[in-house]
Structure formats: C-alpha cells, structure tokens
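Working notes for the structure below.
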Amino acid sequence: MSPKPAKESLHSVFCAQDIALDTAYQGIDSKSWKSLFRQARESHLEQFIEDLFAGKAVNTSENRPALHSALRNLDKKPVFVNGQDVMPEVADVWHRIEGLCNKWVGVTDVIHIGIGGSDFGPRLAIEALAHVPDIDSRGMRMHFLANIDTAELNRILHRAHPNSTRVIIVSKSFTTLETTMNAKAVVKWLKDSGRNDVQITQALFAVTANVAAAQEFGIAKDNIYPFWDWVGGRYSVWSAVGLPIALQYGFDTFKEFLAGAQFMDQHFMSAPLEENLPVIMALALIYQQKKHRIKSYAVIPYADALDWFPKWLQQLDMESNGKSVDKDGMPIKYSCPVVFGSSGSNAQHSYFQLLHQGLDVIPIDFIAIREPMSHLAEAKAHHRILLSNCLAQAQALANGKKTDNPNNTYPGKRPSNLLILPKLNAFYLGALLALYENRTTALGAIWNINSFDQPGVELGKVLAKPIELALKNGVTVQADDSIDATTAARINLFNQS
Ligand code: F6P
C-alpha cells in the first residue's frame, strides 16, 4: 500500500513560513532521505547556492553569473558583477517603471510583443493576478503577441484601439525573428491607422539587454528599459520584462511579486538542506528518477488562475536542464524529465486516467491554495470540492485499489508532492515562481548541468533560413548541404500546391 508516509520518517511537512510542502506520498523513508541529502552535499549544492547568489560565473559555457535574484533584492544589498555593484542600475529601472505606471493614463491597450522567456512570465502573472479578488486592473487591456502565426496578431489588432495603444517590444537579444517581425507588423498597423511618426515613437517601448538594437529599430532612448546579460531569458520576469504586471496592477503589486520571490530566495539561501523546500522538491524527483526511471512528471495547480503555470515551468525546466551532457561535456545518466500539466480539476477529466493506470509512474506536484479565488456566494462550497478532489487524487494515486477485475485495479505507489499556498496574490505568486526556479537550478547543480544556457535551440533556427528562402522562391528544390532529401520533398509539397 505504499507510498504512504514511511513509519520511520520523522515528518513529511516542510514549511517556508506559511508555504507548506507535504512529501508524505513520495514514500521516501528516512534512510533514503539521508542518502539524498548526502548526495546533494557531495554534489556541492551548498557551494553552488552560495556562488549563484554571490554572482559567480555559474553559467559556465557563457562565463556569466545568473543573477535573477538581484532583480528581486529589494533591500538593495550590494551584488557585484566584475567588481561593480549592480543594484544601483536595478533600482534605477524600478524607479523608471514606477514613474511610467504613474504616467500611463488614457491607455486602453498594451501590446506586449515577446516570445519564450520574454512572454511566459508576464503572461502567467497577468493571467494569475486577474483572478485575485478585488485587484485593480487599471482598465487596460493587456495583449500578448508571441507567435509568428498571424492568427494572434490578427486577433489583437482587431481588438486594440490604435490611438490609445502602447507597444512594448520585449527581447533580451532584440534579434528574435518572431518578435522583430511582429513588432514591424504592429508599427505598420499604427501607421496604417493614421498615427504620425511622433505619435508612433511615443507609443513604442522596449525591454532588452541589447539597447543598441532597440534604438536601431527606432525606439526612443527614454522608452528603453534595460536588463543585463547576467539575466537568463527564462529567469527574466523579475526585470522590466515584468513591466506589464506593474502597468496593469500597479507598482506596489509588482514590488509584492518581487518580495515573494526574495522571500523564497532567502529561504533557499539560508535554510538547511533538510528543511529547504526547493532542495527537498529536487531530491524527491531525483529519488523517483532512480527508483522508477521516470521520464516525465506533472504539475497540477488546483487553481484556474495558474493554468499558465505549467507552460512557464516547461520552459524553465526543460530549457534549463533538458541536456544530455554535463558542464564538462561528459555524458550524463540523469537530466530533466518531460514536464506537463494544467489546472485541476479540469486535468482530472483529461490525462488522469494514464496517471492512475498507465504503464509509467509519473510523479505529480499538486498545488493547492487555501483561500477561494472569488467572493461569489458559491466560492466556499466550490473551493471545498476543488480541494477535496486534489486530496483524493493524491490519495488514490498513492494507495491504489486492488479488485478482482484488472480493469478496475489501481496499482498505486504513484508519488506526489502537495504544495500549499495560503492564498494567491502577487507575493505568493512570486514565491511560487522563485521556489520552482530555485528547484530547477538545484537540480542542475546536483546533475552537474549548466542550467543557464540553451545551445539546443540554435540548430533549428539556422536550418529555417534556407527553407524559408526556398518557400519564398516557390520553385522545386533539390537536397543540398542544408536541406536534406526528406525536407526538400516536403518543401516541394508546399511549393507545388
Ligand atoms: O527559445 C530560445 C530563446 O532564446 C529563449 O531562451 C528566450 O526566452 C527566447 O528565445 C526569446 O529570446 P529573446 O528574449 O532574446 O527574444
């Protein structure tokens, strides 16, 4: 009937103040926990955490720090990169964001153009916080434009009012094709709608680590909000990439979001490994990987507001740790499993059949929020059902059920975490995201992976160029050095139709 809390396990509930993690259904006994913590120490995890926050070059392939924690270092305690304290620059951007929030009156629509790490974080936060009861959303419509597919562009341009629209182009590199092409299309729309050059310049803003490229694009210097090469794209929502959060919900809400993340950083830095939530979550996954050879795991927030959370997490985890060699280029045995998920209870009516009775063991992170997300008369009753579903699923997965009919037998022994947030607001959202960020980097450290580069995304981008040219020319192509026979035949299918 395991995994139930192992008898000898001391306790299974770990807290970072009022955020609780219950690992009881991981079925890990105290001896195994001890060996997991030993493994963490042997992998020099504690040193890694110190180096990460101290601004050491933990991004070894690019020889850079990964200092997203400085972006939420609200106390402005100095953080040094190449001997220079970065906090004055960070604080200057906070100051400018606050100023912009106060200035943006009469804006009906904001088009936020960005993709990947320049999209998921702010999109998730805007979506999640919209569900917070009584939050003031300042009457603006926030549109997220990521896909190069014009369906999204078309939908947004039909809804936005060009005379009262502001455009934020968000790209760390300012070279991402989807983003620059979408930005050009939106500028054209403004022109076609009768906005003159001065009005267009006033409507355009950029958030980037490549200020020169943004200026080259035509963004006025005062409208450019910088961030730095020591912030990874998927860790960047805490920078001016999170501008929509401040614009939509106010600067104080943005600060609360940063404060929640800072709180979680402090916990990650100071709690002993045995009480450290990100570390415990990382080690539970490592245990299941060895025990069940798991190839995937699911994250199921029982909160509709967090429906974007699994998508954000997919990039964070899989772009960070989806690798097959370690920092030294040596093959590794374990790295990031496939991450998937969506909000419960909807998810129960989709893939939970497989989670209960499929061939593979898939560990789950259940996330539950104590307080309901609305003031409706039905809120309490509905919330009880939401929570009871969450608890029941975890119990069913852990204990299973034996019957004479194999069809109705549940194997059980399916591990899960339960993470409980007291409520969902900007503070706890920030804490949740930082918890997972720290868990991702802790996993990378234990696996000896560089969690801060993404070389695997380059090849496809390079290969797309000659293919795009061939599609543009519209003539029959032959295989060559850059286009193989299968792809040439496929291009020809498109070109001939
Ligand atoms: O997918 C690759 C990637 O570089 C991500 O790491 C990044 O979040 C995304 O593209 C967008 O990059 P940028 O912010 O430079 O436009």
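One is the number of the first residue shown, and numbering goes on along the chain from there.
Cβ coordinates come from backbone N, Cα and C, glycine included.
As annotated by TrEMBL, active site, proton donor applies to Glu319. Under the heading active site, TrEMBL lists His349, Lys461.
Structure with TrEMBL features highlighted.
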residue: Glu319; record: active site, proton donor; DSSP class: helix
residue: His349; record: active site; DSSP class: helix
residue: Lys461; record: active site; DSSP class: helix
Chain-internal residues near Lys461 (active site), provided their CB is under 8 angstroms and they sit 6+ positions away: Leu177
Candidate with sparsest Cβ neighbourhood (10 Å radius) among Glu319, His349, the listed active-site residues: His349
Nearest-integer angstrom distance between the alpha carbons (Cα) of His349 (active site) and the residue listed as 'active site, proton donor': 28
